[in-house]
Amino acid sequence: MATNHAAPKRVVIGMSGGVDSSVAALLLQQQGYEVIGIFMKNWDDTDENGVCTATEDYDDVIKVCNQIGIPYYAVNFEKQYWDKVFTYFLEEYKAGRTPNPDVMCNKEIKFKAFLQHAISLGADYVATGHYARVQHNEDGSLMLRGLDANKDQTYFLNQLSQDQLKNVLFPIGEMEKSEVRKIAEEAGLATATKKDSTGICFIGERNFKEFLSQYLPAQPGNMETMDGEVKGKHDGLMYYTLGQRHGLGIGGDGEPWFVLGKDLARNVLLVGQGFHHDALYSTSLKAIKMNYITTTPLANTFSCTAKFRYRQVDEPVTVEIMEDGTAHITFAEPVRAITPGQAVVLYDGDQCLGGGTIDEVFKNGERLTYVG
Amino acid sequence: MIYLDYAATTPMHPQVIRDMTAAMAVYGNPSSIHQAGRAARKLVDDARRTLAQTIGAKENEIIFTSGGTEADNTAIFGVAYANQHKGKHIITSQIEHHAVLHACEQLEREGFSITYLPVDSTGCVRVQDVKEALHDDTILVTIMLGNNEVGTIQPIAEISELLQMHQAVMHTDAVQAYGMISIDVNDLQVDYLSVSSHKINGPKGIGFLYQRTNAPLQPLLYGGQQERKRRATTENVPAIVGFATASTLTSDRDVYERYKQQMQKTWQDAQLSFTINGAHTLPHILNVSFTGVNIEALLVNLDMAGICASSGSACTAGAVDPSHVLVAMYGADSDKLHNSVRFSFGYGLTAAQVQEAAVTIANVVQRLVNL
């Protein structure tokens with residue numbers, strides 16, 4: 001029978017086996033799209049018994065897809081993930097920095113390898129269960145924070161280009177997490193009460209130290225104060241991050257001890273007392289790998305807000321875009337524990353302007369070499 | 001939908017369904033001494049005779065199992081445990097089904113030593129390699145009759161010949177070959193042979209292991225006295241009946257060779273760049289490498305276009321892992337690991353469907369290559 005209806009648009013959605021992407025798939029299907037669920041296998045975590053824990057997540061993808069009546073497939077990006085994300089992750093740790101593999105995973109895997117896969121499947125749109133919003137306009141796409149301020153994931157999406165964003169849908173970006181759970185429960189989805197995943201995906205629930213030690217040799221060394229007083233031993237600089245309190249094992253009187261920096265050349269971990277230790281504060285930073293998600297060019301210098309870590313409150317900043325593509329970002333007030341390797345992400349109200357990687361940190365114009 | 005994955009499993013033949021439906025009404029336990037039991041026992045005995053005849057075996061040499069995997073496991077563990085006092089070395093190949101490979105790996109963990117023979121680039125084990133691998137403590141050689149991924153038929157009779165003056169016994173996994181090439185256990189000179197029902201239009205959950213009279217075997221299941229104490233459990237009578245019916249249905253296998261030619265001609269006319277994996281293969285398996293195509297994208301696109309095909313073996317998390325068979329044939333770095341797809345033919349498939357599928361495949365491959 002002939003109909004006048006156009007064929008439904010095809011959406012390929014990345015499904016992790018979690019509640020967010022499950023509900024995203026359900027919503028798309030209810031909106032009348034032709035939905036195809038794809039599970040990405042990015043990490044070979046087969047244990048000594050030949051069991052890969054991705055199996056459980058894929059089982060959940062299967063259950064949910066069968067419940068909502070959409071086809072499902074899996075795709076293997078282990079090689080791409082290893083080459084583009086994990087190698088970078090190790091290199092950064094080797095260089096004494098604290099990398100953000102989720103930012104890289106979005107840039108290289110979910111919105112590159114996966115996007116290409118989706119295109120090869122004839123997708124009109126690609127969707128994920130991120131808490132973010134995207135506005136497709138005539139002159140390009142804008143990215144907005146997810147409405148759930150607690151869950152907003154634009155921080156991890158700051159490296160996406162116009163090309164990567166142009167066919168993207170974020171079906172749950174307009175929702176609170178509690179609404180997402182409620183929809184899942186009402187629909188009886190298998191993942192409705194599944195616990196949210198935590199930590200870095202390839203490490204999962206495992207001990208971070210133990211995991212990292214399988215790939216990078218740990219070199220124990222001294223913990224010293226900024227004045228050179230030895231306070232104890234560290235297990236390897238890569239296990240510590242700026243501003244960290246736990247795991248130092250320095251006792252004694254007075255305020256608790258915190259990581260202030262790393263002296264890579266001497267393999268020394270710099271420590272000091274007090275959450276608000278002066279050495280933890282800086283006033284500006286240099287960011288590299290800057291990416292801007294705007295449809296009109298930004299001024300060379302502009303004011304906006306910035307996040308230096310996921311789930312921090314925004315800080316007011318002034319951004320100066322340099323000739324060489326880097327950016328110099330000056331804070332309105334000194335900020336604690338700015339960490340090289342992490343992302344700096346810029347916002348104008350709800351709009352995510354893009355971001356880059358924190359490369360150098362300054363206090364009143366002077367570079368703080370001890371932070372990495 | 002056009003189903004081209006008969007090597008994975010096949011639809012049940014209508015005659016199989018009819019015979020099984022009738023057998024479901026025969027509820028007696030074949031071990032019982034009363035008339036209800038005898039009625040069931042007759043069905044099992046008739047089926048056993050029918051199946052034995054298809055491979056030139058005697059009735060008592062057929063042990064019903066839950067399928068091909070259990071048949072393979074029964075032979076491998078059964079021989080290893082029964083004959084470990086004679087030696088702990090086993091020879092197999094790198095292209096076996098996981099039902100054989102993983103059983104061997106388990107025996108390795110239990111202290112046996114296993115030789116995994118390589119294959120040539122057509123997927124064939126070299127008889128000379130078997131000869132060189134044979135040692136005084138070798139107790140079992142297990143090599144498949146026809147490979148399930150690329151279809152290459154193995155020189156089983158020649159390998160068995162090597163064992164005539166050796167203590168080692170010979171097992172072959174004939175799950176994929178059974179029903180596709182003629183099999184006679186006396187010509188092949190094998191001591192054990194595994195067969196599965198669902199690959200030949202019979203029901204799932206049933207298979208058999210041929211065990212030559214007096215060949216050693218330690219059972220895996222203990223309990224009742226069924227299968228002459230070689231496999232305890234009340235017989236699955238309807239499945240056994242359906243299996244026997246399926247074994248008597250003949251299909252015209254030459255037609256599958258014509259399907260293969262038909263598909264290749266279509267692709268040549270469409271000027272696709274492709275090569276065939278395997279040589280001297282089972283008639284129903286066509287494994288093709290399409291240059292420049294990503295297999296995961298190809299399989300999903302084919303599925304969306306209504307064509308069921310497969311590749312390698314899926315990992316438990318659904319993603320396609322490189323096929324161990326292709327790795328053995330071409331090495332771990334070959335492009336063919338990521339661009340090969342298996343089409344397989346069987347009962348019910350028509351030439352018109354094959355032609356339609358060949359054209360659709362050509363269109364999908366062209367689109368992916370030009371992407």
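Cβ coordinates are placed from backbone N, Cα and C, and glycine is handled just like the others.
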Fill in: Candidates A:G96, A:G122, A:G129, A:G140, the one TrEMBL lists with A:G14, A:M15, A:S16, A:G17, A:G18, A:V19, A:D20, A:S21, A:M40 as binding ATP
A:G129
Item to complete: Give the distance between the Cα atoms of A:S16 (ATP binding site) and A:C201 (active site, cysteine persulfide intermediate), rounded to the nearest whole Å.
Response: 11
Worksheet item: What Cα-Cα separation, expressed in whole Å, is found between A:D20 (ATP binding site) and A:H130 (site 'Interaction with tRNA')?
Response: 7
Worksheet item: Max Cα-Cα distance in Å among A:G14, A:M15, A:S16, A:G17, A:G18, A:V19, A:D20, A:S21, A:M40, A:G129, the residues listed as binding ATP?
Response: 16
Discussion item. Quick check for the class: what is the C-alpha distance, in angstrom and rounded, between A:C201 (active site, cysteine persulfide intermediate) and A:Q342 (site 'Interaction with tRNA')?
Written reply: 17
Discussion item. By the count of other Cβ atoms within 10 Å, pick out the sparsest of the recorded positions A:M40, A:C105, A:C201.
Written reply: A:C201
Practice prompt. With A:H130 (site 'Interaction with tRNA') as the reference Cα, tell me which of the recorded positions A:G18, A:M40, A:Q342 is the closest one.
Written response: A:G18
